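> Below is the structure I would like to discuss, written out as structure tokens.
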Amino acid sequence: LTCHTCPYNTCANSETCPAGKNICYQKKWEEHQGERIERRCVANCPKLGSNDKSLLCCRRDDCN
């Protein structure tokens, strides 16, 4: 599995997920500097936090 890893809306960077991390993850939230994005490989889909705008977990290459 490969997942996007950059903190931008348009993302060309991907990484191969290590063993045990078979979910691609993307979280968006607002800070005083504007919208922030986090993308990576995870073992479990985290819960949506109170400050989060959106949360995406998926299991296809570069789906985040």
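Keep in mind that glycine also has a Cβ here, set from the backbone N, Cα and C atoms.
Just so it is clear, the model here is predicted, and its values are computed rather than measured.
According to Swiss-Prot, the protein has these features:
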type     : residues    : note
DISULFID : CYS3-CYS24  : disulfide bond
DISULFID : CYS6-CYS11  : disulfide bond
DISULFID : CYS17-CYS41 : disulfide bond
DISULFID : CYS45-CYS57 : disulfide bond
DISULFID : CYS58-CYS63 : disulfide bond
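Please situate the listed features within the shown structure.
In three-state terms derived from DSSP, CYS24 (disulfide bond) belongs to an extended strand segment.
Neighbour count (other Cβ atoms within 10 Å of the Cβ, all protein chains): 16 for CYS11 (disulfide bond).
In the three-state DSSP scheme, CYS41 (disulfide bond) is classed as strand.
The Cβ neighbour count for CYS57 (disulfide bond), using a 10 Å radius and every protein chain shown, is 15. DSSP assigns CYS57 (disulfide bond) to a strand in the three-state reduction.
Around CYS63 (disulfide bond), taking its Cβ as the centre, 16 other Cβ atoms fall within 10 Å, counting all chains.
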> Between the Cα atoms of CYS45 (disulfide bond) and CYS24 (disulfide bond), find the distance and write it as a whole number of Å.
8
> For the disulfide-bonded residues listed here, CYS6, CYS24, CYS41, CYS45, CYS58, which shows the highest count of neighbouring CB atoms within 10 A?
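Sorting the candidates by Cβ neighbours within 10 Å, the top entry is CYS24.
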> Among CYS17, CYS24, CYS57, these being the disulfide-bonded residues, pick the one whose CA is nearest to that of CYS11 (disulfide bond).
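Minimum Cα distance from CYS11 (disulfide bond) across CYS17, CYS24, CYS57 lands on CYS24.
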> Any idea which of the disulfide-bonded residues CYS3, CYS17 has the thinnest Cβ neighbourhood at 10 Å?
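Candidates: the disulfide-bonded residues CYS3, CYS17. Fewest Cβ atoms within 10 Å: CYS17.
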